[in-house]
Amino acid sequence: MVFAHRMDNDQPPVVTATLLVPLQNSSCAEAAEALLPHGLMGLHEEHSWMSNRTELQYELNPGEVATASIFFGALWLFSIFGNSLVCLVIHRSRRTQSTTNYFVVSMACADLLISVASTPFVVLQFTTGRWTLGSAMCKVVRYFQYLTPGVQIYVLLSICIDRFYTIVYPLSFKVSREKAKKMIAASWILDAAFVTPVFFFYGSNWDSHCNYFLPPSWEGTAYTVIHFLVGFVIPSILIILFYQKVIKYIWRIGTDGRTLRRTMNIVPRTKVKTVKMFLLLNLVFLFSWLPFHVAQLWHPHEQDYKKSSLVFTAVTWVSFSSSASKPTLYSIYNANFRRGMKETFCMSSMKCYRSNAYTITTSSRMAKRNYVGISEIPPVSRTITKDSIYDSFDREAREKKLAWPINSNPPNTFV
């Protein structure tokens, strides 16, 4: 049995029963060619031509490979370091352990997942010009590439709902930590089930290639449209509507159409800054992943491997840039996160409220263990004027009595 496959997966494989003749010399080869049907010979020649064409067009210039490697390497390092720092700061610092930061940790874990399980293999495929890890690994890499944006956009929708009820309806509904954990778990589980068809669509009958896009069959096209609507368009519209209501409430637009001054707003300034940060975070995420979904709907033909690889690498780099930008936004717009980073870098459970040096003494170690001590300092003998029968209040002596004893020339270190 001889199996002839088309490279673009448009048609099912053609199966034709032929006589297997050992091609040991040219005469036997000619005899075998005579036994093959004309249609199968055409597919065989097309397959050979496509293989040669692939080897020619799949080779990339050294400049393209070097440029892509530098940009992806910088984003990869920044994403790994930044998102790991986000998880570490929220874990160590109590000031950052809020309900909203549960969602932030979930997004950081999703960014770490795509940084480890997807992006390095995409760069490897682009730089080497072929896929060398097999069809099963191709399915796994593409699965994680579809999983993480869906999880993140629904986590962002959960944050939007939390901000909406916290600011607009603070007494009617509250997103507690248990509810936040359930919302995060639902986002991961539902999206993990929703992107399982990727295992069936991706992969190729050619072992040295991993498809960049979904196949152009009607099943692949239908799933692409459904994934674009459910995994991007609908949650994006809901996010925009919720934030529109939040912004409208912050600026206090009354029923009579009169806008109040911002200084008269009852919303705390810290919550306004949080809304600004997450609004900017949503915009960066949506604009970063929009090219990826558009490329799945409209993309170069899979046979043009060089063009498809360049387009796929470009949209992957743009979408991956959102993973590296999130820690930067947290550090710029969130003062508690900056303080948490200072506490984390101090490598101590004691919080660093000051940036200057702190003198560590025996008394300060006692204070760290919540001991309170008062050193009895004998008062200085002094002559008291007998103008009154009452002693005058001496503030300096009282302060000396309550002062900590400090040794001479104590060592200066950072907590």
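Numbers run from 1 along the shown chain.
Heads up, the Cβ atoms here are built off N, Cα and C, so glycines get one too.
Summarising the annotation, Swiss-Prot assigns topological domain 'Extracellular' to 1-69 (among others) and lists sequence analysis as the type of evidence.
Residues annotated as N-linked glycosylation site in Swiss-Prot: N25 (among others).
Look at Swiss-Prot and you will find N52 (among others) tagged as N-linked glycosylation site.
The transmembrane segment annotation in Swiss-Prot covers 70-90 (among others).
The transmembrane segment annotation in Swiss-Prot covers 103-123 (among others).
Remark: secondary structure over the topological domain 'Extracellular' (124-152) totals 24 helix, 0 strand, 5 coil, with classes taken from DSSP. Positions annotated as topological domain 'Extracellular' by Swiss-Prot, on the basis of sequence analysis: 124-152 (among others).
All protein chains shown were included, and the count of other CB atoms within 10 Å of the CB of C210 (disulfide bond) stands at 23. The disulfide bond feature in Swiss-Prot is assigned to C138-C210; the stated evidence is sequence analysis.
Tertiary neighbourhood of the transmembrane segment (153-173): same-chain residues 99-100, 103, 106-107, 110, 180, 183-184, 187, 190-191, 231-232, 235-236, 238-239, 242-243, 245-246, 249-250, 267, 271, 274-275, 278, 281-282, 285, 289, selected by CB-CB distance under 8 Å and a gap of 6+ residues from either end. Taken from Swiss-Prot, the feature transmembrane segment covers 153-173 (among others).
Residues 102-103, 106, 135-136, 138-139, 142-143, 146-147, 150-151, 154-155, 158, 175, 210-211, 214-215, 219-220, 223, 227, 230-231 of the same chain lie 6+ residues outside the transmembrane segment (183-203) yet bring a C-beta within less than 8 angstroms of a C-beta in it. Annotated transmembrane segment per Swiss-Prot: 183-203 (among others), in sequence order.
As annotated by Swiss-Prot, topological domain 'Extracellular' applies to 204-221 (among others), with the evidence given as sequence analysis.
The transmembrane segment annotation in Swiss-Prot covers 222-242 (among others). Beyond the transmembrane segment (222-242), the same-chain residues lying 6 or more positions past its ends with a Cβ under 8 Å from any Cβ of the stretch are 146, 149-150, 153-154, 156-157, 160-161, 163-164, 191, 194-195, 197, 201, 214, 282, 286, 289-290, 293, 296-297.
Same-chain residues lying 6+ beyond the ends of the transmembrane segment (278-298) with a Cβ under 8 Å from its Cβ atoms: 149, 152-153, 156, 159-160, 163, 213-214, 224-225, 227-228, 231-232, 236, 239, 243, 247, 311-312, 314-316, 318-319, 321-322, 325-326, 329, 333. According to Swiss-Prot, the transmembrane segment annotation covers 278-298 (among others).
What Swiss-Prot records for 299-309 (among others) is topological domain 'Extracellular', and it gives sequence analysis as the kind of evidence.
Annotation source Swiss-Prot lists transmembrane segment at 310-332 (among others). Note on the transmembrane segment (310-332): residues 64, 68, 71-72, 75-76, 78-79, 82-83, 85-86, 104, 107-108, 111, 114-115, 119, 122, 126, 145, 149, 212-213, 277, 280-281, 284-285, 288-289, 291-292, 294-295, 299-300, 338, 341 of its chain, located 6 or more positions outside it, place their CB under 8 angstroms from a CB of the stretch.
A Cβ distance under 8 Å defines the sequence-distant neighbours of the topological domain 'Extracellular' (124-152), meaning residues of its chain 6+ beyond its ends; these are 58-60, 65, 68-69, 106-107, 110-111, 113-114, 117-118, 187-188, 191-192, 194-196, 198-199, 202-204, 207-211, 227, 231-232, 285, 289, 292, 309, 313, 316, 319. The average pLDDT computed over the topological domain 'Extracellular' (299-309) stands at 64.
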